[in-house]
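Residues annotated as transit peptide in Swiss-Prot: 1-46. According to Swiss-Prot, the feature (2E)-geranyl diphosphate binding site maps to Arg324, Asp361, Asp365, Arg503, Asp506. According to Swiss-Prot, the feature Mg(2+) 1 binding site maps to Asp361, Asp365, an assignment based on similarity to another entry. The feature Mg(2+) 2 binding site is assigned by Swiss-Prot to Asp361, Asp365, with similarity to another entry given as support. Annotated motif 'DDXXD motif' per Swiss-Prot: 361-365, in sequence order, evidence recorded as a curator's inference. The annotation transmembrane segment is assigned in Swiss-Prot to 455-475 on the grounds of sequence analysis. Per Swiss-Prot, the feature Mg(2+) 3 binding site maps to Asp506, Thr510, Glu514.
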Amino acid sequence: MQCMAVHQFAPLLSLLNCSRISSDFGRLFTPKTSTKSRSSTCHPIQCTVVNNTDRRSANYEPSIWSFDYIQSLTSQYKGKSYSSRLNELKKEVKMMEDGTKECLAQLDLIDTLQRLGISYHFEDEINTILKRKYINIQNNINHNYNLYSTALQFRLLRQHGYLVTQEVFNAFKDETGKFKTYLSDDIMGVLSLYEASFYAMKHENVLEEARVFSTECLKEYMMKMEQNKVLLDHDLDHNDNFNVNHHVLIINHALELPLHWRITRSEARWFIDVYEKKQDMDSTLLEFAKLDFNMVQSTHQEDLKHLSRWWRHSKLGEKLNFARDRLMEAFLWEVGLKFEPEFSYFKRISARLFVLITIIDDIYDVYGTLEELELFTKAVERWDVNAINELPEYMKMPFLVLHNTINEMAFDVLGDQNFLNIEYLKKSLVDLCKCYLQEAKWYYSGYQPTLQEYIEMAWLSIGGPVILVHAYFCFTNPITKESMKFFTEGYPNIIQQSCLIVRLADDFGTFSDELNRGDVPKSIQCYMYDTGASEDEAREHIKFLICETWKDMNKNDEDNSCFSETFVEVCKNLARTALFMYQYGDGHASQNCLSKERIFALIINPINFHERK
């Protein structure tokens, strides 16, 4: 299989010229914002005098997560007794898999394992089942699946890299080429079709039609349920009422964000509660999911405490009070990227990068003068610790911490794989700082970029390439010349596309706050300026670009032979985590109630757990 070509901007800029289709794919990023800020942590810009230089301030509030609080986190879910119980449950689930022979039951079990967040324990078994099903499809072995099972099998196979044809859904169309109207009566089948449609690639019109059809059906169902809510509560028996309420809950969740775009850990935390209330839930699966969640959470707490000690030792939070201190939020990004406990090193070191990128972003975006920013950019290009002497005082410490962190990462890769990657890590940082500098020049000159000019810079200035270049070296062994050429020539398409989604999601969630701060125009403003569109129209266009970029990432599944499956999945997880972080506003900078609830649910509070007797 040929490796994918690297075109520095072509895959992204082609989005700007593609023909417009409906972007109504649910309720992504709800509720919609107005131009009024939703954040309680950002205030109008104020200027303070520092060394006779007028500097902007975003007035970010200090972190609410103190060092002492983080260090006090404890979990009972560690040690041999819990590990032994988990292994016992794992054996029971394995027996359940082996004993499930009926095709639909196998698919449902795989889907449940994934949504409960425990499928990573059974990857080999799942791959064996799906490979067998794909071979059956290739051999035209027909199981006469209904809409639900056809869509479920399609989604699971595409998710695992099997390029099943979209034509399987033509069986559910009428003689005019439209999906049969009676399908709307099978609401769970329609939901399954909806989830499958988000694995579409460019020009897959059947899946595009499936998305539009299923979205309309699901919204109509939700409207009907809302109108008939009182009637349903009184006229249905307990079992039917439960099923209806369960369907409403699942459908509403899907319309907010499709399953393909959600991070595993957050979905697991939500679905465990939903699954527990199902009448046909399996108590073994439920106990396994709860125990595994809590045990993994205990490893996350240890990683977080390690990160907190590094942060305190760096003293950056004390010295740079103009910048965001968002250690906890940075770690939450890492939980989205790779939650499994065996990847503690990656979470710990990558979270440092998130923290440092946030600080450097605030230096360029808010605090530094243009002359100072040019000095910092040159220092990063030189990558010489002596360059610190040419920097203003407040820049010296962040430069030194960045320099030491990157060198430490390079040292680790050299020791593990005998490969010196410092030039590649440095290149990603230089690209980042140059983009930051260009955006600062736009700000100081009052320049209004076009959307095309903005995107050329913005997918890099979001900082994602720095994280993903590091991820490549963490999840690639051995490192090959074939794959390294992509980083020599530019960046692989999968990185560009992932980072574009991160940027667009960021813009969508932070637009109102950044508008109040007077920051550089973002994608929404650029589109409004280019076309004369309203804010609502611009938001719809950004949602459309996100959807189209996902189609490009879906297509890359057939072109990623140069990269490990783990690395490709981390790239996609970065995009998913951005959609999670910015779904309801600025989940990175704003310490609002929803952000705190998510952190408590995923990192701090265990799930109520009782071992079966």
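Here the Cβ of each residue, glycine as well, is placed from N, Cα and C on the backbone.
Structure coloured by features recorded in Swiss-Prot.
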residue	record	DSSP class
Arg324	(2E)-geranyl diphosphate binding site	coil
Asp361	(2E)-geranyl diphosphate binding site	helix
Arg503	(2E)-geranyl diphosphate binding site	helix
Thr510	Mg(2+) 3 binding site	helix
Checklist entry - In sequence order, which same-chain residues at least six apart have a C-beta under 8 angstroms from Glu514 (Mg(2+) 3 binding site)? => result Lys522
Item to check | Listed in sequence order, residues with CB under 8 A of Thr510 (Mg(2+) 3 binding site) and six or more positions away | outcome: Lys522, Tyr582, Gly585, Asp586, Ala589
Checklist entry - Greatest CA-CA distance (Å) over the residues Arg324, Asp361, Asp365, Arg503, Asp506 that the record ties to (2E)-geranyl diphosphate? => result 18
Checklist entry - Which number gives the other C-beta atoms within 10 angstroms of the C-beta of Arg324 ((2E)-geranyl diphosphate binding site), all protein chains shown included? => result 24
Next on the checklist: Can you tell me which parts of the same chain pack against the motif 'DDXXD motif' (361-365), counting only residues 6+ beyond its ends and a CB-CB cutoff under 8 A?
Outcome noted: 58, 60, 320, 322-324, 373, 376, 395, 398, 433, 436-437, 439-440, 463, 519-520
Checklist entry - Tell me, what is the mean pLDDT of the motif 'DDXXD motif' (361-365)? => result 95
Checklist outcome for this item: Students should find that the Cβ of Asp361 ((2E)-geranyl diphosphate binding site) has, within 10 Å, a number of other Cβ atoms equal to 18
Checklist entry - Taking the centroid of the Cβ atoms of Asp506, Thr510, Glu514 (Mg(2+) 3 site), which other same-chain residues have Cβ within 8 Å of it? => result Asp507, Phe508, Gly509, Phe511, Asp513, Asp519, Lys522, Tyr582, Asp586
Item to check | Other C-beta atoms that fall within 10 angstroms of the C-beta of Asp506 ((2E)-geranyl diphosphate binding site) | outcome: 23
Next on the checklist: With the cut-off set at 10 Å between Cβ atoms, which of these binding-site residues ends up with the most neighbours? Options: Asp365, Arg503.
Outcome noted: Arg503
